[in-house]
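Colleague: Here's a structure for you.
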Amino acid sequence: MASAGTEHYSIGLRRGNSFKQRHPSGTVSASPSEKPSEVKVWSQAHQQVKPIWKLEKKHVGTLSAGLGTSFLGVPSQPAYFLCPSTLCSSGTTAVIAGHSNPCYLQSLPNLFSNTLLYRRTNVRQKPYQQLESFCLRSSPSEKRSFSLPQKGLPVSVTANKATSSTVFPMAQPMATSPTDPYLSLAAAGENPSRKSLASAISGKIASPLSYKPMLNNNSFMRPNSTKVPLSQATDGLKPVSSPKIQPVSWHHSGGTGDCVPQPGDHKVPQNIATVLDDVTAPITPSIPSTLNISTASVTSSQCSQSNFRMEAHPCGLDENPDSQSATKEVHFTEAVRKLAEKGLEKMPRQGYQFEQACFVNPSFQWGLLNRSRRWKPLMGQRFPQEDIGLDSAILPGTSDTLGLDSTVFCTKRISIHLLASHVHGLNPSPACGSAVDPQVLGEDRAPVPPSSLQPLGVAEVATRLSSVHLDQPGKEPEEAKDLNSCTKGGGSATDLQPNQVEPEDTEDELGDGLEDSCSHDENEEEEGDSECSSLSVVSPSESVALISRNCVDLMSKSLPNHEKVVRPALIYSLFPNVTPTIYFGTRDERVEKLPWEQRRLLRWKMSTVTPNIVKQTIGRSHFKISKRNDDWLGCWGHHMKSPGFRSIREHQKLNHFPGSFQIGRKDRLWRNLSRMQSRFGKKEFSFFPQSFILPQDSKLLRKAWESSSRQKWIVKPPASARGIGIQVIHKWSQLPKRRPLLVQRYLHKPYLISGSKFDLRIYVYVTSYDPLRIYLFSDGLVRFASCKYSPSMKSLSNKFMHLTNYSVNKKNTEYQANADETACQGHKWALKALWNYLSQKGINSDAIWEKIKDVVVKTIISSEPYVTNLLKLYVRRPYSCHELFGFDIMLDENLKPWVLEVNISPSLHSNSPLDISIKGQMIRDLLNLAGFVLPNMEDIISSSSSPSSSSGSSTSLPSSPRDKCQMTPEHFTAQKMKKAYYLTQKIPDQDFYASVLDVLTPDDVRVLVEMEDEFSRRGQFERIFPSRISSRYLRFFEQPRYFNILTTQWEQKYHGNKLKGVDLLRNWCYKGFHTGIVSDSAPLWSLPTSLMTTSKGDGTPNSASKSRKKSASEGTTLSSEDRSTPKSKKSQAGLSPISRKTLSSRSNENTSKQSKRSTPGLPVLKYSGQSSRLSAASASQSVTDSRLTAVSS
C-alpha cells in the first residue's frame, strides 16, 4: 500500500486563532484572540499535532488536556480530519462533534500553509440496534495503527455565503468496518475544462469473505429494482469521470507546517469528496428539503509550494450533458481487499456528528435512516462511557443510536451507481448561517418534543443513495412508495417505554465472531450453501441486478406496514393453567409488542452460522441479541460436544440434540442402520445403499468389489457437505488411500425427469426424543443435476451429471434457476410441484410420501438410544433441545425412496424466491412449533447464580418441571410404579398397552398436554410420530419408552376425535393436575388387583391388565370424561387392597392438605416475570376455543 509521506510531513497550528469551547452546561464561550491563555493553548496544540498517518492515542490525550475538557466527552466514532478550505475567511468555523461536548474551532489558518487537525477518542458506544435488518457488521473492534488506502477523495464542507470547513476522512476506511462503503462514498470528478470540480461518484466496493450476504426486504436490498425520483430541485449532480490526481509528497519545511509538493512514490490519497451547499443551519430533526451537494477534488494545477488549494464548484444536472454518461461502477480499492483477506485487526468504532452544522456526516445520516426507531429527545440522557467520566447532553436529532457498524448489505459483491439527491430545506432562507449557533446550544433552549421530530427513514435515504437512476429522474416506481416495509414490520429492537433507558448494556446486535467463516466440528456436519461459504464462488463482476433478482425480488413484495395482519405476541395454550408460547410471524404479519417487563426477556444468542432467515423471523418478534450466557432464550448455532450441553439453562433452547451426529455423519448413519438391519432384517431397513467404512471395512469392500465388476461406487468423506470430496469411481486403483472414507454402492438406475437425475431435500423436525415427536414439513426442494444422465463409465468424472448438490451445479454455466415455486422448470423445483408433475403422469405421489415417512421414522429411531442417554446425562430439561434435519432422498427407477445422507445443519441459505418461500415458511412454523416460553425472572437469576453444571459430574441433571411438582408421596410412588409396570412386560400386546390410558398420572397429563399444544401450532408441518399407525414402530426401539407407549396409545384412541381428547385434558388442567396439584377426587394408579392377589403365578400380565382395566375404568372414566366430582369411595374402586389400606391410614392427616388443594380458587400461573390468576372467562380462553377446530383437522 502506498504511503503518503509519513516521515516527511508535520502539521502546525498558527497562532492568532482561538477555540470556542463548550462548557458542560452547554453554553459556548468565545475566547478572544487578545486573551493571554490563547497563546498557551495554541502552543500546546502545536506541539501535539503529528502526522495524521502515525498518530497514536497518547498524542490525543495531551492535546485534549491542553484544549480543555470539552474534548474528553466525545464518544468514539469514525474520525474526521478538519481543516479550512483556502476559500475560508477569518470567520470560518469548523466543528468536531460527537455524541457529546462538540468542539468548535474558529478562525482556523489556511489549509496547508499551517494546519491539519486530527482528533480521535477511544470511547466506545454499545448502541442498541434492530436485529431484523442486519447482515454484516464488524466484530468488537480492537485498536490498531492507521493504514492509508491507495485511493481516496477528500471530503469538503462548504457553507454557502457564510462558512467553510474541510473534512478529511482519510483514516475512515480503516477505522471503521469494511461494511461502511456507503459512508465513504461521495461525488468527485472533473469537467471538460479541468479547472472546476466535478459532481459524480466513483469507486469500488468489495465484500470481504468473512461477511455473509443477507436477505432483507428493506430498500437497501433493492438497488436495481427500485427507482426513486430526484426531489423537485432545479439543480443537482452530474456524473462525470473521476479526476486524475498527480502524485505528490508532502515535504517537511522547518516545522511551519507548509506543504511542498515533491516528486516521489508517495501519492495523495484520492478520497471521495462531498460539499454540502445551501444547507439550512442549524440542522433540526425536521426533514430538510434542499441539500445542494457538490464536490471537491484535488488536481495538480492546484498544488503549490505554499498552498494546496481546493475549490468547490456546484454542478447542476443541466450544466454538462456529456458528463452524465461517465458513471462508473463502485468497487473497493485493492488495498482494502488485501486488508480484508489478511484479517487485520479492526479499529474501534469512531465517528463524529455535526450538531447544528451544514455538514451531515455519515454517522448522522445513518441515525436519520432508522425510521423504525422511535425518535426521542436525548437531552441530558446518560450514556455508558468506558474511559471518561463526563456525561454530556445530546441534542435531539443528532444521536447516532445505531452507529456506523450496522450498515446493511445484501450482496455478494455490489456495484453501485450512487447519486446524492438535491433537496430543498424547510427554511425559506437559502443562506446557511454560522456553523455554530450559540442559541441552539444554550442551556435555556428547551428540547424538541418527540412529536415534532420527523427523521428520514432508513429505506428512504438509503434508496436515494443506492437506487437513483440518472436516466429516469422523473419516474416514481411503486416500490418506492413504501420503503420501510421490512423495518416497520419487524419492529424495533430498541423501542423503550417513554423516558426509559434500557438497563442492560450487555447486548449487541451480533454475537461474538459472527463475521468469522463457518467452522466444522469433527463430529458434526455443516451442510449446504451456508451463509459463509457462498462468497467464494461469486465472480467480481456480479452486479446489483443479479443480487436483486436472486434475493430481493420476493422480499420486496411484502405488504406495507398498514396492510399487515396484526398478530398477538403470544400463542395461548389450548388448556387452562398452561404457559403461553412466543409467536413468530411471517413477513406479511406484524407482531404486537409485549409489555416492557416481558419484552426485556426476549434475548437471542447469535452464532456464526445463524441463518439470515432465522434472524429476520426472530426480529419480527422483537428479539434482541445478548452476549450473556444466562439470559438468552434461543440460539441457532453449531453443534457442540455432548458435555457442553450442561451449560444450557432450563429456560434456553438450542437447535441441536447431543449425539445427533449419530445420523449426521455418513459413517455413523451406516453403522446404526446396518445394526438395525441385522436385528430386524433387510426388508425393514433396506433404504440405505450398502456402504463400507474405510479403512476398517477394506477387506469386505474388496470382496464386494470383485463380485460385481461393473458396479459403480461413490466415495464420500464421512463428515463433508456441499458435495465436497465426493467422486464416482469404478476401478480399485481410483480409490483414495490412507484416509477415512465411506464407499457406497452407486444407485445407477435413478428415476429421471427430462433425462436428468434428481434428489429430494426433506425437512424433518424433532421436538423431543423422550417422548419421541417427529414432524415432516409438507414442502421441500427437488434438486436436479445440470447435465443429462448417462450410465457410461466415461462420464463418471462429470460432477454436474452425477451429483445433485446445488452448491456443485450452480457453477455450471448451463444451470437454470427457477423463480416460480409452482412451475416445473429449471434445476430446482418445489416438492409440491414434483408431486403435481408425478400425478399428471399417473403416479401415486401419496404412496411415495408415505414411504418417505416410513424411512424417516426408522432413521430417527436408529439414533434414539444414543441421543436419549446423552439427554439424561447432560441436559437439564428436555425443553432445551430441538433439531432440524435435512434428509437427502433419491428415487430409483421403481420410485423407491433411498436415504443418501442426513444433514444436522441443513442449508437455510435463500438465494431465490423459491428458497425464500419454502424455507421462510418452514422456519416460521418451526419456531412456533418449538414453543419458546417466557421464563420467570427469578428462574433466570437462580439458574445464573447456581453452580456451574459443567463440572465433571456424570450424574443425570434434574428436570425442572418434574422437580417442582408438589405431589403427595402416594401419587409420586404410584407414578413410578406405573412406568415400571408397563416397561417390564416381556410380551406386551395391544390390549395391554391400551390400558395405559385408564388412569392418568400428573406426568401423563403434562406430556399429553405438551403434545396436543404442539400439534395445534404445527403450521405446515405434519406429525409422523406418534401417529395412529406408530405402534408398529415401537418394536424398533432398543429399549421401550413409557411415554412413547402413552402417546402412541393416545393417538390411536383420539386421532379421529381430537376434540374429545382435548376436552378431557382441559378438565385435568383446570384442576391443576398436570402441575402436581392432586385433589381427593383424583384417582390413584395401582397395580392390578389380580396381580396383587395372585401369589402362585396363575395370572398372566395380559389377564391381569384386563381385570385391572375393568375395575379401574369404573372410577376414572366417569371422573374424567363426565367432568363430575366423584366421591372418594368411587375413586378408590380400582385400587388394590394395599393401596386402599394405605390411603385410609393417612386420610386423617391428609384431610387438611387435600381440602386446601380442592378450594375453588384457581392456581396462580407465573410467566414472564409476572403473575396472573387464570379464570375460565379469561381472554385466553376465547382464543383457545377458537383454535379447537384446528386441532381436529
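Cβ atoms here come from the backbone N, Cα and C positions, even for glycine.
Relevant sequence annotations retrieved from Swiss-Prot are reproduced here:
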type     : residues                                                               : note
BINDING  : K716, R722, G723, Q744, R745, Y746, L747, K757, F758, D759, T804, N805 : ATP binding site
BINDING  : R722                                                                   : protein binding site
BINDING  : D888, E901                                                             : Mg(2+) 1 binding site
BINDING  : E901, N903                                                             : Mg(2+) 2 binding site
COMPBIAS : 24-34                                                                  : compositional bias 'Polar residues'
COMPBIAS : 472-482                                                                : compositional bias 'Basic and acidic residues'
COMPBIAS : 502-515                                                                : compositional bias 'Acidic residues'
COMPBIAS : 943-960                                                                : compositional bias 'Low complexity'
COMPBIAS : 1092-1102                                                              : compositional bias 'Polar residues'
COMPBIAS : 1131-1153                                                              : compositional bias 'Polar residues'
COMPBIAS : 1168-1182                                                              : compositional bias 'Low complexity'
COMPBIAS : 1183-1193                                                              : compositional bias 'Polar residues'
DOMAIN   : 599-942                                                                : domain 'TTL'
Colleague: Cα of L747 (ATP binding site) to Cα of E901 (Mg(2+) 1 binding site): how many Å, rounded?
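Modeller: Cα-Cα distance, L747 (ATP binding site) to E901 (Mg(2+) 1 binding site): 13 Å.
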Colleague: Including all protein chains shown, what's the count of other C-beta atoms within 10 A of the C-beta of D888 (Mg(2+) 1 binding site)?
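Modeller: D888 (Mg(2+) 1 binding site) is surrounded by 19 other Cβ atoms within 10 Å.
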Colleague: Quick one: pull the CA-CA distance for N903 (Mg(2+) 2 binding site) versus R722 (protein binding site), whole Å only.
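Modeller: With distance taken Cα to Cα, R722 (protein binding site) is 10 Å from N903 (Mg(2+) 2 binding site).
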Colleague: For L747 (ATP binding site), what is the secondary structure state per DSSP, taken as helix, strand or coil?
Modeller: coil
Colleague: Cα of R722 (protein binding site) to Cα of T804 (ATP binding site): how many Å, rounded?
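Modeller: With the alpha carbons as reference points, the distance is 10 Å.
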Colleague: Can you work out the mean pLDDT of the predicted model over the domain 'TTL' (599-942)?
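Modeller: 92, rounded to a whole number.
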Colleague: To which of the binding-site residues K716, R722, R745 does the lowest count of other Cβ atoms within 10 Å belong?
Modeller: R745
Colleague: Which of the listed binding-site residues (T804, N903) has the least company, meaning the fewest other Cβ atoms within 10 Å of its Cβ?
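Modeller: Comparing Cβ neighbour counts within 10 Å for the binding-site residues T804, N903 gives N903.
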Colleague: What is the nearest of the binding-site residues K716, R745, F758, T804 to E901 (Mg(2+) 1 binding site), using the Cα of each?
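Modeller: With Cα distances computed to E901 (Mg(2+) 1 binding site), the winner among K716, R745, F758, T804 is K716.
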Colleague: Name, in the order they occur in the sequence, the residues of the same chain whose CB lies under 8 A from the CB of F758 (ATP binding site) and which sit 6 or more residues away.
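Modeller: Within the chain, F758 (ATP binding site) has Cβ neighbours under 8 Å at P750, Y751, V782, R783, F784, A785, T804, M890.
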Colleague: How far is it from K716 (ATP binding site) to D888 (Mg(2+) 1 binding site), counting Cα to Cα, in Å?
Modeller: 14
